[in-house]
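J.: Structure in structure tokens, see below.
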Amino acid sequence: MASRTKEPASEEVEMSYNSHVRDVQRGDTTQGGDGGIHEWDEREIRRMGKLSQYKRVHRGRTIFATSASIQASWQVSLASLTPGLLNGGTAGIFWSFIFTAILALSNVFSIAEYTSIAPINGGQYHWVSEFAPRYKKPLSYFTGWWSTIAWQSTAAGATFLAGSFVPSLAALFYPDYVPTPWQNNLCVFALVLLILAINATSTKPLIYIQMIAMVVLFIGWLPVAGCLAGLAPHPPFSETVTSFTSSGWSNLGIAVLVGQIGNVYALTSFDAAAHMAEEVSNAGRAVPLAIVWSYCGNAAVAFVVITLTMWSIPDVDAALDSSTGFPFIYALQQAGQRWAQAITAIIVLIAFAGCTGCNAAASREMAAFARDGGLPGSKWLAKVTKPTHPPRNSVYVTCFVTAALTCINFGSTIAFNAIISGQLIALNASYALTHACALWARSTGKYHRDIARFNLGRYGAVTNVVALCYDIFLTIFLAFSPAPEVDAASLNWGPLIFIVTTLFAGVYYVTIGRRLYRDPSKDVLLGDMADEVAVLIGTGSIGLAIARVTVTGRNLLLADYNEPQLNSTAEMLRNEGYRVVTHPTDVSDKEAVAALARKAASLGSVTRVIQAAGVSPNQAPPERVVHVDLLGTVYVLDAFAEVVSKGASGIVVASQAGQMGGQLSSELEHTLAYGTPSQIEQLAEVKNVENSMAAYILAKRANALRVQGAAVTWGKRGARVNCISPGIICTPLARDEMSGPHAELYQHMLQESAVGRMGTPAECGQLAAFLMDERGAFITGIDVLNDGGVVAGIKAGVIQF
């Protein structure tokens, strides 16, 4: 193409274009933009058969902060030292932390990949429904109950722990004061009311709290480490890591495995972010990364803190007998009372943020399970009044459950152990069943790893196997009582809680639940789509935007005239998780298009066709515009009318230009809509077209007419086809046009249009998705103008064309 010297108007348009590109890249489309919903999110939530209930207020950093503060591993590990010191001692805690942290990585990475496949608040029960074999409905139902039990217990345990810190902090300031269970309970109840006030109003306060908590979490451990390392007295380190206690167990290894519950508790809850995925932008990527990095960061910091704490406990019995009820406070007191007071205050702040986040995750998980009819009162529990509001009824119930479990306070240690033991057993049971179903899906080729943007690749199956074995192994020891001789005071009530609630779930399922519970996989638009084929002709920005929201789960046949661009686009899409086959095609060649249709049919059922190939009047002479934009679309519609499957849908990308020309005669319109390609070529209006712009206007008008005619032929096969006519869209093609001879006209259109800006490819994708999926099932043969009001302005005389 010959070079041109830009005129001042062209430079102004170029600056406007570049400014809008920057706005789109940072998500700032304040007028009619995508509402903050990332194009991946729209596609993924629709694939799972759901509608977006929540505004996506979280970004990568905020969901990382939320996940990190909910886990708060170094703070939780300090608070849950008692089981480990009783069974295993300082050495037992040290070594069990190491193998727990390493083995739990298999769970972390597996859950991260599942979340990338299906980023949905339901988490485990939804994944089981997608992965499970024949009995997926009852399997997913019980997984949902276990996950709900686990997260309700998590919220209760976190709040119980945070509330118990307050009297312990008071005991540091007043040595004669001894906390009592009823005082702990009062603090827990006060904390429940505060959490209710925060979580039942809006999601934004929670985000601010979690962001602050993350900073405190990852800075607050430094004074803890410095205090313990520099000021506390230390026994020899070799003694710390070799001093085991068995507490009456005949086997020291059993004692350590029973005492590992504190470390397991500190290194769990990493799936919290998964249960808030529907509030996260770009969830399929951001949430898995938040899960992995928040776990790794927490585990690394917790290892340093727990090691220094064990090194700072010269007398285990004295630590267990601390008047505060927490051995870690005893260790801090060895470094000085003032340090113990200040650091415990920091831990109280972190604990408050953590239990607030736990309540939010638990309520979202409950609302998601209720949305599928899994719980009594599901309709009420699942209710979300506004996208910016949380599921308030689920928040209320979660707070009530926390208060109720707090009342099971036969003694603080017994109540706390029962809560966390029941939580961990239920959570591990939900993990184990999810891993087992994922392995089954892998073995049968139904594990759709290709759509995961966090992908474990060839290591996925091994990771799932390790996770499954670890969860089964762990669940066995989580059911043990903390002492070898069991009485009412030392009994581990966690397994009983798990069994009773599971039995209740089973009775409810048999009597009522099986009629009300809807297997989530029935809504998923993937399982039967693996053999379906979507065809994208043209690799421009608009075509890609449409493909990204319409072809998920299908094999994608990608066609373009430019082979280097075709191959680079295919590689990009493969890296995004799509299954792509390429087929170089010149749409102006009738036989080449027919070969493309045959290729598509050979790959499977052709259920999506996107004709987005075209040239602009600034790129090609009139003859080329006619052959590509007009006849090329005729060839595509005719060829694919022979191969599309029942229920298929197609979209043709035309242009607002098609609405700008003068009135065509009825004979001309009829020929353009129903005539053969040779008849169209012989039309005087086609043969004698004056220039490229005139050819472009005629071609785009013909596209809409041809789609109307094709609706009849496609309809005979049970398929639909529609047309969209975009206005000035922020694409490289628009860049080329707006620096060309018609720059001033385009600028005039933008300035005087009703919306007053360019459109985005994502907006075209969303419109096309509506027309192509079940929402547009009664629509075929129409042309939808999405031009921001340009044509309306022309017809009103506001825009001079």
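Placed from the backbone N, Cα and C atoms, the Cβ positions cover glycine too.
Since we're looking at a predicted model, the values are computed, not measured.
Below are the features listed in TrEMBL for this protein:
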- 1-39: region 'Disordered' (REGION)
- 62-81: transmembrane segment (TRANSMEM)
- 93-118: transmembrane segment (TRANSMEM)
- 139-162: transmembrane segment (TRANSMEM)
- 182-200: transmembrane segment (TRANSMEM)
- 212-232: transmembrane segment (TRANSMEM)
- 252-274: transmembrane segment (TRANSMEM)
- 286-313: transmembrane segment (TRANSMEM)
- 339-362: transmembrane segment (TRANSMEM)
- 395-416: transmembrane segment (TRANSMEM)
- 422-441: transmembrane segment (TRANSMEM)
- 461-481: transmembrane segment (TRANSMEM)
- 493-512: transmembrane segment (TRANSMEM)
J.: Mark yes when the transmembrane segment (493-512) and the transmembrane segment (182-200) have three or more Cβ pairs under 8 Å (sequence separation 6 or more) and no when they do not.
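T.: With fewer than 3 qualifying Cβ pairs, these stretches do not touch.
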J.: What residues in the same chain, six or more past the boundaries of the transmembrane segment (461-481), come closer than 8 Å to it by Cβ-Cβ distance?
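T.: 103-104, 106-107, 109-110, 254, 257-258, 260-261, 264, 421, 424-425, 428-429, 431-432, 435-436, 438-439, 442, 490-492, 494-495.
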J.: Under 8 Å, at least 3 Cβ pairs, sequence separation 6 or more: does that hold for the transmembrane segment (286-313) versus the transmembrane segment (212-232)?
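T.: Yes, the transmembrane segment (286-313) and the transmembrane segment (212-232) are in contact.
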J.: Given pairs 6 or more apart, does the transmembrane segment (212-232) have at least three Cβ pairs under 8 Å with the transmembrane segment (93-118)?
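T.: Answer no, regions not in contact.
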J.: Looking only at residues six or more beyond either end of the transmembrane segment (339-362), which have a C-beta under 8 A from one in the stretch?
T.: 66, 69-72, 75-76, 78-79, 151-152, 154-155, 158-159, 161-162, 165-166, 168-169, 172-173, 191, 194-195, 198-199, 203, 206, 209-210, 212-213, 216-217, 220, 223-224, 227, 231, 269, 272-273, 275-276, 329, 332-333, 390, 395, 398-399, 402
J.: May I ask for the residues of the chain that lie six or more residues beyond the transmembrane segment (93-118) and have a Cβ under 8 Å from a Cβ within it?
T.: 44, 48, 77, 81, 84-85, 126-127, 130, 240-241, 256-257, 259-260, 262-264, 267-268, 270-271, 273-274, 277, 283-285, 287-289, 291-292, 295, 299, 302-303, 306-307, 310, 431, 434-435, 438, 448-449, 451-456, 460, 463-464, 466-467, 470-471, 524
J.: Who are the chain neighbours of the transmembrane segment (252-274) in space, where the CB to CB distance is under 8 Å and they lie at least 6 residues beyond its ends?
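T.: 63-64, 66-67, 70-71, 73-74, 76-77, 80-88, 92-93, 95-97, 100-101, 104, 107-108, 111, 114-115, 119, 121, 123-124, 154, 157, 244-246, 280, 287, 290-291, 294-295, 298-299, 302, 306, 357-358, 361, 417, 420-421, 423-424, 427, 474, 477-478, 480, 482.
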